[in-house]
Each structure stands twice: as C-alpha cells, then as structure tokens.
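Student: Marked as ATP binding site by Swiss-Prot: 59, 60, 61, 62, 63, 64, 65, 66, 67, 81. Per Swiss-Prot, compositional bias 'Low complexity' is recorded for 457-469. Feature annotation from Swiss-Prot assigns domain 'Protein kinase' to 53-303; the stated evidence is sequence analysis. Taken from Swiss-Prot, the feature N-acetylmethionine applies to 1. According to Swiss-Prot, the feature phosphothreonine maps to 208, an assignment based on experimental evidence. Swiss-Prot lists 435, 523, 544, 547, 573 with the feature phosphoserine.
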C-alpha cells in the first residue's frame, strides 16, 4: 500500500528565531496564519504496517471502511481510518476524500484533529489521525445535560480559535456540529471531519448547500448563494446556544417548522437568561451582512471574560473567573462601541416556541438531536443561470410530499456509527451578481429532514456515503441537484484495484479543473480509461475486520502543498435544497439509488400476473358500470 507522509518541503532550514517569531505573534495578530507546507513526493521503498500498529477497538463505521483505535509501536494512541477503494462509488467521492486529506493536513492548530500519515496501495487508503479519547461533545453534553457558563465559555473559546484560524486561511468548515467536535484526554476541543470544507474567496459566492439541518443557516435552507464564513458563524450561534442552555435552538421534528424558524431567526426562548444571549442573537442574525464574524466573536466581551487576552492569543485565565486587569473591561467597551447597531432589529425574533408549539401538559424542554450531514448533489446547477430563472414553472409540476419527521425524545444512547453520504461537487464559485440589491429568487423548497440513521463519529461523518448507497433515501440530509443533470453511472469495473488515487499534484485548483471535464477516475497520476468489470480477487465479505493493514506493503508519499486562491468545486445544486417533493427520476443519474422491487409484482393480486391485462381492465370497467 502506498503511504502519504507529512514531510516538510525541502529547502533551507529556518533559524530558531524565525520559527519563534510567528508563534509569539499568535493566531490573531498574524494576518495570514502559517499552514503546513507539503509537497507530493514518491518514495520507492515499501512499508509493511502489520507490526507498526496494534488495533484496540472500533470507533466508527462507514460505507468505505472503519475507524479503529490503535497503538503505535512507540506507544502513542492513534485513530486509523481505512477506506476501501472498491467501495468508492465515483470520482466525486474520491475527490471528496482527497480534499479532506489535503485541507486537514495543511491546517496546523491545537484544536483541529491532526493527520499523522496517509498510506495507500491498490485496494486501500489508510489515514492515521490524532486520537481524541473522550469522545465527541454531543455525548459529553448528553451525560451532563447542561454545562456551567465557565465550562461553556472554555469550550466555545477553543472552537472559535480553531474556526477563526480556518477562516484566516480561507477555509470554511460548513459542518460544525456537536458530533464533529471531539475532546482529547485533557478535555480540550478537537474539530474533526473536514469532508464538507472548502476554500472561499471574497467577491465569490459558493453554490454548495450542505451541512446538518439543525445547524444550517438561512442561506442554506433557502437556497441562496453565500460567501462561506457566514454559514460557520451561524453554526457557532447554534453551538453556543446548546453549550449555554443545553437544548437545541430550533425545532427539528418537522421540516416545515424548522425551515420557517431558521428563515426568520426565530429560535426558542432560552429557559434561563444568560449573559451570552446578546452574542447568540448576533450570531443568529438572518441577514448575513449583519451577522457576527469570527473576528467579532474572538473579541467579544463574553468570550474573553475571565481571560487576560482575547481568543487566539496567549491565554491565562484568572482565579475566580474575573478579569485581573483592565484588558477585559477595555475589550468590552470596544465591543460596545463597535456593536452600537440595534441588535433587536436584526430580524432574529426570539419567539417562545414552548408556548406556541408545545403539546398540552407535556414537557416542552427539547433535547439534543444527533445530526447527519447534508448530502451534496452529483452535479451543481449553474448559479448564474438559476439566479435569473423563473421558479414558477419549477414549482408547478412538483407534487407535495408529506412531512418527514424525526423521532421525538431526549438524548439517545450512542450506537454504532453509520456515516452519511456526500457527493463531490462541481465548481461552486460564482461572481457576485452585478446588482447587489437584487435578491435572488427563492428556490423550490423540498424536504430537509428524513429518517434518522445511526449516529456518526467525528472521525467518520461527512465524507462517507450512506450504508445502502442511496442518494435520495438517506437519513437527516438535504438532497439537492437536478436529476436530469446528473452524470451517468460509472462502470463498476473502475472501482477495482485502482492504484495511487491520492498521488496527483494535490493542488486544490487541479481538483476543479479535473472535475470540470468529463473524466473517469482511478489513479490520480493517470486517470484510467473505462474497462469492463473484472472479478475481484476476493469478495468484500471475506475481508476481515483486522485486515486493514494485514501484511500488505505500503508506498510512502508526501501530501500536496496548499496553493493560494484555488477554485474549488461546489457540492450541491441550487434547485433541490429545502425539500424532497418530487420523486427522483429513474434515469441514468440515479445510479446510486438502491434498487427496489416493484411492490405490484409482490402483491397477492396484480395486473402484472394476468395474461390479458387489457381484457381484465375492460371487464373491471363493465363490473363498475353495472354497480353504478
């Protein structure tokens, strides 16, 4: 198997003073935080990994493989994610995996899961990641129901520090949720799962509508283009609400109610007032131009209360939780001067949904709901065209669909992880319309929430397709994309024994160029042409759980470097975002849907069982006419 190793780019070794200078300046003071520099380099020696790791337990499962806790020969605990290439459905999934590896290996932050090594051979990709021993934040809050304000501030500061660092490097996460926020042995935050992340550019819009329903911003649920950071800001508002109040801010039991609440910024009235309510209101502003940015959050007085410095700088909390100098008071005064805009006129109406939607006599306190990521469509609609198209014709032929509800109840026990699918995205950057005042037309709304699946692990979440391989029948997902524009299915023969799929130059700009043209996929060095289906060397069921590394040999590679301003693909079309009101077409675009046998053929009596269908039908009409 080939391995991707994270080695520094060759060149002159910087002095100790040069290395210490950016670290002393801190993340916030540095205009562009340093990212790890890596280059693709092929090693010609093999690596046998069987004796390097001792597998201990399974942390998560996905369609592509598993995530296992393992111990290196040095004694260090790691999380090993194995991806079987024969499970990769198409090139979009492949590009999705590669993007996650490239972005996560380029980011270097204490509160972001680090990738140590990536190994690859003809049948597997093995990613060795940092191990977070205390699980995810969802389980942590589930066990405690509600955190103290001091603990909530501690977690939120670390989350903000990591997301702020990503935004300074033009990376938007787009899937911030409790399930993707892990805790290490020391109780520190580790953000995982960058499968839906992307690069963004000021002056360009992203056309990808993805994420998780209860954390999705108004732009996402209404199908409007967005720059990028504002969707993370909204998700941070939802996370802060949960950390402070211990409940979800929006009602996820009915997708119509959820869309209405998010669109109006009408979150539940908190059961108990908190000093963080002002920041929550600012983060949950419907208007993205008035929504708090990560810079605003990092300098907010509530976030920095009890700390000598703001988020990202050298932190030294004081005893008793009160600032020991005038720095916090000065920061608060500065924030009050900058935020003199009327927060109560932001359109985020704090409505009491306990009174409006609570069942009579029942408990109205909502619990947390585990979220699955939104899927991405196989092909992106042209945003420039959709912004000027008339949506009346689109909505006229879409039949209604009954509401799809999530199960009610408080926090559920953790079960085996099942990853949700995502499809890789076409280029999603589009220029801002010439007339900024012209609002984009609303897109046809479709269902948001679907049947829930098993819980996800932060190690195994967004990049994985659903267990069944269905495109439109997975749980807790938005599905968007015009079926008529979907690509024809790839020959399954392309999925067998593909070599070196992570060995391309690895530039983000290359990804968009490759996917813009119709190509097959296999090795990223040289995409293989289609070939007929060949029998696998052994059936998939014969692969043992402990055979992730087995006795195979691995080649070792370096990860690609990060290029500035690379155009990336989008992941979901605009046309199909907020609902699922029309049945998917059965054309060639629906290649990932599970085949289902026609129920008529299995019924006790069906016209398909008759020899003369026309005669039987006419006889039935005559009987009906006599009865009437």
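Keep in mind that glycine also has a Cβ here, set from the backbone N, Cα and C atoms.
Each of the listed features needs to be described in terms of its position in the shown structure.
Tutor: Within 10 Å of the C-beta atom of residue 67 (ATP binding site) sit 25 other C-beta atoms, taking all shown protein chains into account.
In the predicted model, residues of the domain 'Protein kinase' (53-303) average a pLDDT of 90.
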Student: How many Å separate the Cα atoms of residue 59 (ATP binding site) and residue 208 (phosphothreonine)?
Tutor: 29
Student: How many whole Å apart are the CA atoms of residue 67 (ATP binding site) and residue 208 (phosphothreonine)?
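Tutor: Between the Cα atoms of residue 67 (ATP binding site) and residue 208 (phosphothreonine), the distance comes to 27 Å.
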Student: Provide the three-state secondary structure of residue 65 (ATP binding site) computed with DSSP.
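Tutor: For residue 65 (ATP binding site) - judged by DSSP and reduced to three states - the answer is coil.
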Student: What does DSSP assign residue 59 (ATP binding site), in three states?
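Tutor: Residue 59 (ATP binding site) sits in a strand per DSSP.
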